[in-house]
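Enquirer: I have a structure here, written as structure tokens, and I will follow up with some questions on it.
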Amino acid sequence: MGSTAAASSLPASAGSGENLVLILDYGSQYTHLITRRVRQLGVLSLCVSGTAPLAALEGLRPRAIVLSGGPHSVHATGAPTFPEGFLDFADGAGAHVLGVCYGMQLLVQSLGGAVEPGERQEYGKMNVEVTASSSALYGEAETGKRQTVWMSHGDEVVKLPEGFEVVARSVQGAVAAIENQEKRFYGLQYHPEVTHSPQGMETLRRFLFDVCGIKADWKMQDVLDEEIKTIQSMVDPDEHVICALSGGVDSTVAATLVHKAIGDRLHCVFVDNGLLRYKERERVMSTFESDLHLPVTCVDASEQFLSKLKGVEDPEQKRKIIGREFIAVFDDFAHKLEQKIGKRPEYLVQGTLYPDVIESCPPPGSGRTHSHTIKSHHNVGGLPKDMKLKLIEPLKLLFKDEVRKLGSILDVPDSFLKRHPFPGPGLAVRVLGDVTKGNALDTLRQVDEIFVQAIKDAGLYDKIWQAFAVFLPVQTVGVQGDQRTHSNAVVLRAITSEDGMTADWSLHAAPLLQPRLASTNMATRRLHLAHPQHRRWPLARCGHLH
């Protein structure tokens with residue numbers, strides 16, 4: 001899935017519609033944004049590895065195929081390229097092909113053109129001028145006009161394949177856009193998907209609707225209906241399913257969706273791993289019972305998790321340990337459930353999202369040459385190979401904002417849908433170092449609770465995508481009463497995001513975050529924030545959050 005989708009992970013009807021956009025990923029940091037932009041225009045887009053074998057695309061008949069950018073040069077040994085037979089596949093599907101940045105250069109080279117190291121290497125904002133009078137990508141009204149775009153290339157096209165036309169050039173003279181309307185090939189040297197290309201969305205709109213003739217018919221209700229059918233066809237009428245509920249939006253929406261599909265054959269389990277937020281267990285269980293009416297069993301496995309984490313400092317190792325222990329808990333729960341109902345559950349439901357998979361897995365068969373594992377999640381990269389339960393991940397095609405829309409259709413309470421994201425490994429990844437050392441977890445819980453409550457009191461909670469505290473393995477000097485103190489520091493973070501793939505610091509929270517760091521011996525009593533209710537300032541102001 002994500003940038004590494006295989007045919008088996010695609011929805012059953014993904015290739016049967018007339019309006020599918022397939023995106024081949026060649027490693028650009030912006031590839032996921034192309035997927036997002038197409039979906040924002042109301043069109044289903046799926047992202048797969050650009051080097052995956054053609055068999056992975058079997059059954060798909062995309063109306064449009066986008067070749068993404070990437071960090072490689074088409075001249076480099078081992079540079080990624082599309083699979084053998086791809087051009088015939090695209091022609092047979094009647095698909096229009098759009099190459100973006102590296103994707104354009106790959107298209108040009110593969111069709112007999114020439115790409116060379118550029119004398120005019122272009123990075124960042126650049127003006128381009130539409131030079132053709134009959135451009136399909138821009139239209140006649142744009143001929144002779146300039147627009148600002150985001151460039152990122154060292155190589156440039158120096159010779160076009162037969163039948164192609166240059167339709168736009170940069171102000172430095174480099175080829176910026178090409179077309180072969182007869183063969184349905186198009187190319188953009190710049191990135192239309194980023195906000196730094198202000199007219200890029202309009203160009204994508206023209207390509208999808210005017211050039212390709214695609215209809216904007218992808219809706220969340222369709223996603224819901226399709227996933228219910230998929231789950232019902234996957235799970236036999238007499239089979240039972242376990243759902244791992246974390247208390248977050250993702251797992252809750254996943255559980256609600258599966259419950260709608262198979263009813264009481266779903267058995268939810270909420271694991272207290274000792275790494276939860278302040279009073280999280282009590283609050284979440286209350287919500288499950290009173291608002292969502294989901295059948296949930298709470299398992300206290302805090303001692304089990306913390307004993308395994310004792311002395312572990314490496315964050316990746318912590319994630320792996322937590323992943324293994326979660327699966328151990330689920331296996332034990334499945335065994336006990338089998339004794340109760342007389343049949344062992346075969347499936348485990350998880351709220352894995354599109355960003356989880358994109359960030360966790362390099363493209364298959366790539367040798368990690370054009371993508372890097374950013375992190376492994378307990379529900380993606382941390383799963384043991386010998387796991388007995390089969391996975392159901394109904395949200396893995398969706399971004400966070402899309403999950404919230406789906407949850408709204410499923411009547412999940414709005415207050416629950418607006419909860420800030422909380423990582424699967426819990427506070428283990430917010431304590432830098434050994435989570436069992438000293439009172440790090442208790443301190444972090446109290447600081448986090450005070451911080452988030454202050455944000456709610458200020459009416460800012462819904463304007464911030466995620467706010468949390470981090471416990472640092474460094475100490476700072478502070479004053480408590482009239483005494484000098486020396487204790488660990490905590491950092492407060494507040495960010496904005498749309499889909500969890502990119503983020504920036506929150507401007508709304510800036511007044512609250514003037515003292516970015518506070519001494520923990522002060523924070524355990526009261527975290528003094530720059531808010532009308534918290535006028536006093538901590539004396540330890542060492543560091544800034546960005």
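Cβ atoms here come from the backbone N, Cα and C positions, even for glycine.
These numbers come from a predicted model, not from an experiment.
Marked as domain 'GMPS ATP-PPase' by TrEMBL: 218-419. Summarising the annotation, TrEMBL assigns ATP binding site to SER246, GLY247, GLY248, VAL249, ASP250, SER251, THR252.
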Enquirer: For the ATP site (SER246, GLY247, GLY248, VAL249, ASP250, SER251, THR252), what does the 8 A shell look like? I mean other same-chain residues with CB within 8 A of the CB centroid.
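Expert: Counting only non-site residues, the set is LEU245, VAL253, ALA254, GLY351, ARG419, PHE422.
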Enquirer: For SER251 (ATP binding site), which residues of its chain lie six or more apart in sequence with Cβ-Cβ distance below 8 Å?
Expert: CYS243, ALA244, LEU245, VAL349, GLN350, GLY351
Enquirer: Can you check which residues sit near SER246 (ATP binding site), meaning Cβ under 8 Å from its Cβ, same chain, 6 or more apart in sequence, and list them in order?
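Expert: Listed in sequence order: PHE270, GLY351, PHE422, GLY424.
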Enquirer: Below 8 Å Cβ to Cβ and six or more residues apart, same chain only. Which residues does that give for VAL249 (ATP binding site)?
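Expert: Correct list: GLY351, LYS400, VAL403, ARG404, GLY407, PHE416, LEU417, ARG419, PRO421.
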Enquirer: Enter the number of other CB atoms within 10 angstroms of the CB of ASP250 (ATP binding site).
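Expert: There are 25 of them.
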Enquirer: Name the residues of the same chain, 6+ apart in sequence, whose Cβ is under 8 Å from the Cβ of GLY248 (ATP binding site)?
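Expert: Set apart from GLY248 (ATP binding site) by at least 6 residues yet with Cβ under 8 Å, we have GLY351, ARG419, PRO421, PHE422.
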Enquirer: Test of understanding: give the count of other CB atoms lying within 10 angstroms of the CB of THR252 (ATP binding site).
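Expert: So the Cβ neighbour count for THR252 (ATP binding site) comes to 29.
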